[in-house]
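Marked as compositional bias 'Acidic residues' by TrEMBL: 61-78, 559-571, 583-597. The region 'Disordered' annotation in TrEMBL covers 61-91, 293-353, 382-401, 545-622. Feature annotation from TrEMBL assigns disulfide bond to CYS192-CYS226. Annotation comment: TrEMBL describes 312-334, 545-558, 572-582, 598-611 as compositional bias 'Basic and acidic residues'. TrEMBL lists 514-535 with the feature transmembrane segment. The compositional bias 'Basic residues' annotation in TrEMBL covers 612-622.
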Amino acid sequence: MRLFPDGSGLILDVRLETMHQKALLFVLLVAGLLCVSLAPTCWAQDQNQDEDADVEDDLDLDLTGTEDDDELDGDEETPPAPKAPAAPKVTYKAPEPMGEHFFAESFDRGTLDGWVLSKAKKDDADEEIAKYDGKWAVEEMKDTKLPGDKGLVLKSRAKHHAISAPLLRPFTFDSMPLVIQYEVNFQSGIDCGGAYVKLLSETPGLDLDQFVDKTAYTIMFGPDKCGEDYKLHFIFRHKNPKTGQYEEKHAKKPDADLRSYFTDKKTHLYTLVVNADNSFEVLVDQTVVNSGNLLKDMTPPVNPPAEIEDPDDHKPEDWDERPKIQDPDAVKPEDWDEDAPAQIPDEDAVKPDGWLDDEAEYIGDPDAIKPDDWDEDMDGEWEAPQVPNPACESAPGCGPWKRPMIDNPSYKGKWKPPMVDNPNYQGIWKPRKIPNPDYFEDLQPFKMTPFSALGLELWSMTSDIFFDDFFITNDRNTAERWAADSWGLKKAAEGAAEPGLAAQMLTAAEERPWLWIVYVLTVALPLVLIIVFCCTGKEKKTTPAAEYKKTDEPQPDVKEEEEDEEEEDKAEEAKSRPAAEDKNDEEEAAAEEEEGEKEATTEEKEDDILRRSPRSRRLRKD
């Protein structure tokens, strides 16, 4: 940048810098909007790519147009016409259990062979609903994306359901972990009901025909909802080693938001892993949503406290728990008037001019007419309805004038003694601690009661709850292989049938109308910015004087003045030349002084020339 004396170069660069900033701001804003708009699409594509990679080896893809490709294989000279790739169709293949397992059920036989329907009744329910007469069926999902895949479906609503099946052999808690997983799809949503499973304890009297809510179980696990309370249960029954009684221990509530698992009508995989070191994990769709330790994260705790409050200890009658008391030495001041009113009339107020004392604020409506069916004996004397007095519209007020009320500066209210520290304060009383007679310490709660059957004992206000692919094992890798062969196919099929981004946006806007505002702003904001930054610039006229700001060439009048000044300088130098050259010492000193004065004079003249320049005069005018 070349900086001219009038600052024109600086102004030009500032304008260019401002234009660059606007352009950069516009580019950054458009790029941000594009990123926000494309982020869901990119995320969905990455998810689909990951899902396809996970199940690629397990899928039999039936691509449309395959037969045409086979026919063209023999004719290599004729290249096939380009076709848009068809969406892959996932073919269902029944999973086969591999490795160590205790239970595996995919319902692909299409029957309930091996399952037992309960014939019992609930003890604490009305006779009409006490029976476990809810219907079960083995069928495909109503809107299946994977033809051939069948599951267990709860068909009735507002009824008790109970069904169970024995394990291949009882599961004993030793040094191997417990892994249980199964799939659930709330095809019609869920209002109030559960989809949890119970691992029924191995007891001599276990009768699956009489499976009820009070049947002993070791673990209860799975989703449950009523109203807006979304739960994912993990409960185990712990045996007190001293009393032999069982007590339910509930895992802490998951921190994750569980709502979508109940509302999206997708098939979700629920997995529980309990390890021999007392740690546990709860997973949904192979993602951990809750984890903890049986000794630390259960309610109530597995082990009771070593000390408890003495139930026979009572607070003494003279125990003082008051930290503050009224000052017994305080005395009410003599000028304290407890009877003074909180507000008093304003003595400085003056009635406004034009106040109509004799006019009522409201009068009877002169246009009102008594109804024909008015019975004064039954309804009393008829009176016209009240309306504002027209005479008061132009007046500051009507009726008797009263002084307005103001706060009483002398009001203090009822006097109370100030509070002071209680010298007899003894603190909050608590009963003394004594050793807990029921104390025990179980450091291996993982060693629970063995179980020998799996059961579903449910009440639901919604039907068509789909269950599938139950699996119990002591090897996590085996469970993951089963999940890949079963739930992995469902996930791939549902992903292939997912609607496009536009359809997803429209569906989301139907559920949340406020999204329409976001869509409109996303489209309109870039258009508005384009109009503001590109279409609203003002054309600036260039004056002749401004042309000189774009070059270093001096103006004509400045050239002439500079030539005249040079001639004057030469004449002054000739006059100031010394008469005799032998007087060097004195004249050299005088010449140096003259040269200094001459330089100062020249600088002043140059400044004067610049000041007389049109550019300088325009700058001062501005």
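The chain as shown is numbered from 1 upward.
Cβ coordinates are placed from backbone N, Cα and C, and glycine is handled just like the others.
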Open item on the list: Let me check the 10 A CB neighbour count of CYS226 (disulfide bond). How many other CB atoms are there?
Closed with: 13
Open item on the list: Let's see if you can do this one: DSSP helix, strand and coil counts over the compositional bias 'Basic and acidic residues' (312-334), in that order.
Closed with: 0 helix, 3 strand, 20 coil
Task: Chain-internal residues, separated by at least six, CB under 8 A from CYS192 (disulfide bond) - done: LYS225, CYS226, GLY227, SER460, MET461, THR462
Task: Helix, strand and coil residues within the region 'Disordered' (382-401) as assigned by DSSP - done: 3 helix, 4 strand, 13 coil
